[in-house]
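Colleague: In case it helps, Swiss-Prot gives these features for our protein:
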SIGNAL    1-25  signal peptide
REGION    26-92  region 'N-cap'
TOPO_DOM  26-686  topological domain 'Extracellular'
CARBOHYD  49  N-linked glycosylation site
CARBOHYD  84  N-linked glycosylation site
REPEAT    96-122  repeat 'LRR 1'
CARBOHYD  108  N-linked glycosylation site
REPEAT    124-144  repeat 'LRR 2'
CARBOHYD  127  N-linked glycosylation site
REPEAT    146-168  repeat 'LRR 3'
CARBOHYD  206  N-linked glycosylation site
REPEAT    219-238  repeat 'LRR 6'
REPEAT    264-287  repeat 'LRR 8'
CARBOHYD  270  N-linked glycosylation site
REPEAT    314-338  repeat 'LRR 10'
REPEAT    339-362  repeat 'LRR 11'
CARBOHYD  361  N-linked glycosylation site
REPEAT    364-386  repeat 'LRR 12'
CARBOHYD  398  N-linked glycosylation site
REPEAT    438-458  repeat 'LRR 15'
REPEAT    459-482  repeat 'LRR 16'
CARBOHYD  505  N-linked glycosylation site
REPEAT    547-571  repeat 'LRR 18'
CARBOHYD  578  N-linked glycosylation site
REPEAT    595-617  repeat 'LRR 20'
CARBOHYD  614  N-linked glycosylation site
CARBOHYD  625  N-linked glycosylation site
REGION    649-682  region 'C-cap/acidic domain'
TRANSMEM  687-707  transmembrane segment
């Protein structure tokens, strides 16, 4: 099954079941036979929280989760959701002959779904979601003629083929939710013709086959994360009713049919992660009720559809994601008329021209991602009108000009990524006011000047990259002052003097891998943004931006002198350290002091003395480069060198002793360099290649020593 890389969409809409008969103020006594069945059930299960300790006596009012019929006392409804109950289901439940609603969701029940459930002939609602049931749908379900809702979602080992009779056994069936299970095969044809069906959710299974048109007025259709193929049907029968259509992460191909414009009630359309291509027809006019449109990760080409804004003025589009396609041309000015827009993602296309100057008219905008295009011009000053902005990502374009001091008006900003452009000038001091910043990437530009201590006001900073610019001056004493920092990349600049050790004793690069120790449970560089869509109160947009990288420091390719601060090797959570291509002196600290170290590059410096201890001591060490220094003495392969061929090349006074070659202490020469010369990947790029090999599959590429692949996902949930 195709795995979700970037965006995942979950829809939870409940179709209200018919009201059960209400008990009168004087509740009846529980039917003796039903009482006996329930007591047997209670004894058979594990009730760790003693949630069913109220099950005693004769009055229905005392029994947790029960609703009884007046005057018979027969059990009509049993709701035991979220009580942490476990064990297999005892067949005594099947003796509740009048039961109309059974909800055992959010527990730890296991085993097969009891086949005796088929004897509950009055059952209208069955919810067994979020348990550990296995096997397949019992054939006895064919007897449940009154069933209106069946929810079996999130039972990962429940599956098999959906029975061919499933759409025929109950003419009243309105809601079917088999999401996040293991169902396989094609959709049974009977489901396509079940006239009463309004909600069908089969997300995250392994279902196959082509999609055919449904013949009923569906309201919600969610077939995401399966293996459906073929082209997209028109859903003619659902034109007056279909509100949510999610077929993301399948293998659909072809163009986007113009008939989608006839779905006048459509509010959520997600066709991301498929194989759609061609241009989007200019005749296609989306529903004026559209709130969310996600066509990302396809092969669409041509110009961006401009008619979206002509039909979305009443309620307004909240999310527009057309990223990862082949759209070209300018960004249409009409997009700046989508007044309710909160997330705009047009990244990874072929867009040209300027960022629209009127983008600041989108005052509700919280996420802008225009990265990986060919946009030109400067960052429009009008963008400060997006005063609710949380993420501004415009990296990998051809933008120029300077960083506007007025950007300090975006005081809610958490993510600022303008890397890989042609932006020049200095960092405005006014940006120190952006105290919510967590990720700042301004690498690979033409920025210059000295760094000002004012940026230490970014107290929430997790990731800071100034790499590949023209910054100069001494490294500031406050370099390690950020309390929450995980990654610092100042590589390929013109910084000089010493590596400061101020604040190193108080800084503890956080342990984000296990969630234990002194760190936090969240992964490194993760920023979560939750957006409430005011236009539809039930919607919540969760935008997550991950720097899938490790904890580390990169100060390579600068003009640094002096010794490596001892305190730097006391940062026990550091995984990557790159100080190569500088003028550092002194001895190599013991690597045992960095137990989590995975990559270390100290090459092309002037480090000296003997290499003491086992250089492969950190168990996770994968890359080591100590070449082109001034180390001396004798080292054997037993001390860990065999794991890193070429790691000590270019140290003429160092002799590496192998089983076939012994060192003469009186005659150490430079022959070792020739032995390893062809095995060494030289320069700072060596550690980058390591990172690239580990993380090349991630969405946004690699950022320096930290292997910073960027992934993002956002979830638009429709809650009951």
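Cβ coordinates come from backbone N, Cα and C, glycine included.
Help me understand the surroundings of these features in the structure.
Modeller: Every protein chain shown contributes to the tally, and the Cβ of residue 49 (N-linked glycosylation site) ends up with 11 other Cβ atoms within 10 Å.
In the three-state DSSP scheme, residue 84 (N-linked glycosylation site) is classed as coil. Around residue 84 (N-linked glycosylation site), the same-chain residues six or more apart in sequence whose CB sits under 8 Å from its CB are 47, 48, 49, 51, 107, 108, listed in sequence order.
With a cut-off of 8 Å between Cβ atoms, the residues of this chain six or more beyond the repeat 'LRR 1' (96-122) that come close are 17, 20, 34, 37-38, 67, 69, 72, 74-89, 128-135, 137-146, 151-152, 158.
The number of other Cβ atoms within 10 Å of the Cβ belonging to residue 108 (N-linked glycosylation site), over all protein chains shown, comes to 15.
Remark: secondary structure over the repeat 'LRR 2' (124-144) totals 5 helix, 7 strand, 9 coil, with classes taken from DSSP.
In the structure as shown, the Cβ atom of residue 127 (N-linked glycosylation site) sits within 10 Å of 22 other Cβ atoms.
Within the model, the repeat 'LRR 3' (146-168) carries an average pLDDT of 93.
Neighbours of residue 206 (N-linked glycosylation site), defined as other CB atoms within 10 A of its CB across all chains, total 14.
Broken down with DSSP, the repeat 'LRR 6' (219-238) shows 3 helix, 5 strand, 12 coil.
Here the repeat 'LRR 8' (264-287) has, by DSSP, the following mix of helix, strand and coil residues: 0 helix, 8 strand, 16 coil.
Taking DSSP states H, G and I as helix and E and B as strand, the repeat 'LRR 10' (314-338) has 5 helix, 7 strand, 13 coil.
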Colleague: Any idea which of the glycosylation sites 270, 398, 578, 625 has the thinnest Cβ neighbourhood at 10 Å?
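Modeller: Output over glycosylation sites 270, 398, 578, 625: least Cβ neighbours within 10 Å is 398.
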Colleague: State the count of C-beta atoms found within 10 angstroms of the C-beta of residue 361 (N-linked glycosylation site), not counting that atom itself.
Modeller: 16
Colleague: Mind checking which residues reach the repeat 'LRR 2' (124-144)? Cβ under 8 Å, same chain, six or more beyond either end.
Modeller: 17-18, 81, 100-118, 150-163, 165-166, 169-170, 172, 177
Colleague: Tell me the Cα distance separating residue 398 (N-linked glycosylation site) from residue 270 (N-linked glycosylation site), rounded to the nearest angstrom.
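Modeller: On Cα coordinates alone, these residues lie 30 Å apart.
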Colleague: What is the separation, in Å, between the Cα atoms of residue 127 (N-linked glycosylation site) and residue 578 (N-linked glycosylation site)?
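Modeller: Spelling it out, the Cα of residue 127 (N-linked glycosylation site) and the Cα of residue 578 (N-linked glycosylation site) are 54 Å apart.
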Colleague: Restricting the comparison to the glycosylation sites 206, 361, 398, 625, which residue's C-alpha is spatially nearest the C-alpha of residue 578 (N-linked glycosylation site)?
Modeller: 625
